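Colleague: Sharing a structure here in structure tokens format.
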Ligand code: IMP
Ligand code: MG
């Protein structure tokens, strides 16, 4: 299977690395590619019982033999890039080969400054961003005042670009936000300091990946953030500033849609969200606290406690539709072992009407109340199960029921963080 997309079907943190692990067991993966977002992501990877977190780097960085690629659609903080690489090396990890697109946009320290200042200014309307400068970097890209990786290798051009980027920004910072202006020279110096180390990694990643596909190699496009955080298809404005949906992969990598073979949506057996914004199945009771604690629902990037709620099949169907999912991968099923009865949201009630599909407007989504169906729990620890048939009947029935209502076949199930705690669902 040459080109496979793995993406988040909810609000992120679905455990996308689990699907990658399962894929890697059957097919050696030649390339693992990030195509959108930046170091706002947080992937937790458990290898031989050791826990690693990556934010900007593709999870493939821990897979010897695979080449990791940061493609054009990613916003790259060179500081974060080398901090992560050095952190892995310091722990004795053998890091894989890494390639970075010459066209990827750069996050400099001023982007994070602006991210935090604008959030503070929004007050109670704040998005709850990760504060990493993602939004401001994409804003510069769209405003055509962004700095790209290739610019770091020409001091004169870099200086011009940074001047252009800071021109309006400094007026805003000083006159609106009452902050000190950012100095062009300091930014140029900061960015140049990474150039020598970065240069050998930089290439035309679109060419690289298309050639790999031509040669029949396996390329895994690893999603960051998720469908409901997509700037077009998510719960705008409470979204990230990129397109984590399947279509964004093609734009973010320079690979045509006809080349993609599989699109795997990773979805938790319940739902979580960090940051602000609507979340119909959110729980404010003991069950919510229990999901949070049993699931260890704490953000990998920001350390924030994640909001928790039951599985939302409307979200699942929507994700299946807007991404053209060929299959779903259900994670963290083991966490639900504590409940006698498990509610699943099958539709919404909006202003007295039952609604089966994602409503058209943001206002309707804010008014959506979950319509629940209840499933019998299995009330046991399933983390030791190694095949789908090992699962208790009620757990199998829960998976089959979700499959029935979620718009795509469930291909795999995760029952724990380890690479071996992954079950393939028979067809
Ligand atoms: P930003 O991406 O930092 O601009 O944050 C925008 C929204 O996306 C906030 O609600 C964040 O909490 C959320 N977000 C960004 N990255 C992730 C992620 O990797 N997992 C979950 N939520 C995320
Ligand atoms: Mg995460």
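Glycine is no exception: its Cβ is also placed from the backbone N, Cα and C atoms.
Sequence annotations record features per position, and here TrEMBL assigns GTP binding site to 12-18, 42-44, 306, 332-334, 414-416. If you look up TrEMBL, you'll see 13 marked as active site, proton acceptor. The IMP binding site annotation in TrEMBL covers 13, 14, 15, 16, 40, 41, 42, 43, 130, 144, 225, 240, 304. Residues or ranges marked as Mg(2+) binding site by TrEMBL: 13, 42. Look at TrEMBL and you will find 43 tagged as active site, proton donor. What TrEMBL lists as active site is 141.
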Colleague: When you measure from each Cβ to the nearest atom of ligand 1, which of the recorded positions 12, 13, 18, 40, 130, 225 fall under 6 angstroms?
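Modeller: List returned for ligand 1: 12, 13, 40, 130, 225.
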Colleague: Can you tell me the CA-to-CA distance separating residue 130 (IMP binding site) and residue 12 (GTP binding site), as a whole number of Å?
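Modeller: Residue 130 (IMP binding site) to residue 12 (GTP binding site), Cα-Cα distance: 13 Å.
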Colleague: Over all shown protein chains, what is the count of other CB atoms within 10 A of the CB belonging to residue 130 (IMP binding site)?
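Modeller: I count 25 other Cβ atoms within 10 Å of it.
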Colleague: How many angstrom lie between the most widely spaced Cα atoms of the IMP binders 13, 14, 15, 16, 40, 41, 42, 43, 130, 144, 225, 240, 304?
Modeller: 34
Colleague: Could you say which of the recorded positions 18, 141, 304 has its Cβ with the most other Cβ atoms inside 10 Å?
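Modeller: That would be 18, with the highest Cβ count within 10 Å.
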Colleague: Out of the recorded positions 43, 141, 333, 415, give me the one sitting nearest to residue 304 (IMP binding site) by CA distance.
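Modeller: If we rank 43, 141, 333, 415 by Cα distance to residue 304 (IMP binding site), first place goes to 43.
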Colleague: Taking the binding-site residues one at a time (12, 15, 42), which has its Cβ surrounded by the most other Cβ atoms within 10 Å?
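Modeller: Checking each of 12, 15, 42, the winner is 12.
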Colleague: Once the DSSP letters are reduced so that anything not helix or strand counts as coil, what is residue 12 (GTP binding site)?
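Modeller: Reduced to three states, the DSSP call for residue 12 (GTP binding site) is coil.
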